[in-house]
């Protein structure tokens with residue numbers, strides 16, 4: 001269990017970044033965290049990783065208030081991993097397998113287990129075809145997959161994804177969505193922070209909407225986006241499938257493929 005209860009956070013310069021924020025990562029399998037720039041999404045990620053301690057309120061990990069000791073934070077970060085928007089921020093080795101194996105080797109895991117776990121996570125993210133390529137020859141999307149593999153190799157339970165589809169072409173976005181859904185089907189809990197509203201709508205089963213460091217609203221994804229006034233208040237726009245439903249009278253579809261199947265059109 002990973003959640004926050006009524007947390008607030010103020011930076012040293014006096015800026016209030018979060019105010020009375022409560023989120024529960026058990027609310028869904030793939031949870032969306034949305035809001036305009038400066039709404040507190042990145043700061044909230046840092047709270048969930050124990051990097052910053054709340055000024056008020058509590059972060060709960062595995063049913064207990066998070067203790068900010070070295071031992072407690074080590075345990076937290078073995079189970080909660082982040083993948084940054086820019087994969088170059090967390091890829092340090094020139095070889096894919098060595099990079100993914102880094103954390104395990106640093107922990108003294110046997111080489112036999114290292115090889116087995118690295119192979120497993122590379123398969124999960126579809127990176128086996130380029131596992132022996134030098135990192136500098138990988139595409140941006142391939143680097144993102146390597147970064148996810150590096151986060152998964154510790155057998156993390158919660159995965160925090162910062163803008164997972166940013167900078168990807170349509171095929172790369174499709175592959176990333178498939179990876180996220182595959183991880184969720186395998187029992188991983190995923191929190192996605194993204195400005196890609198259509199991605200959030202299609203892939204997430206629960207959404208928290210932030211505005212000025214507070215939770216403006218939260219709930220099942222379709223219900224959140226159907227409330228146009230809240231979406232606009234947060235400085236966002238509705239997903240196109242929601243607009244089609246409300247403005248053109250189409251049935252409400254959650255996935256693009258379902259809409260095109262309904263209209264008899266074919267999409268890749």
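Each Cβ is built from the backbone N, Cα and C atoms, and glycine gets one as well.
Marked as ATP binding site by Swiss-Prot on the basis of sequence analysis: 35, 36, 37, 38, 39, 40, 41, 42. Taken from Swiss-Prot, the feature domain 'ABC transporter' applies to 2-237.
Each of the binding-site residues 35, 38, 40 was scored by the number of other CB atoms within 10 A of its CB, and the lowest score belongs to 38. For residue 36 (ATP binding site), the same-chain residues lying six or more positions away in sequence with a CB closer than 8 A to its CB are 211, 234, 235, 236.
Highest local Cβ density among the binding-site residues 37, 39, 42 belongs to 39, counted as other Cβ atoms within 10 Å over all protein chains shown. Apart from 35, 36, 37, 38, 39, 40, 41, 42, the residues listed for ATP, the same chain places the Cβ atoms of 210, 213 within 8 Å of the centroid of those Cβ atoms.
Residue 41 (ATP binding site) counts 21 other C-beta atoms within 10 Å of its own C-beta, drawing on all protein chains shown.
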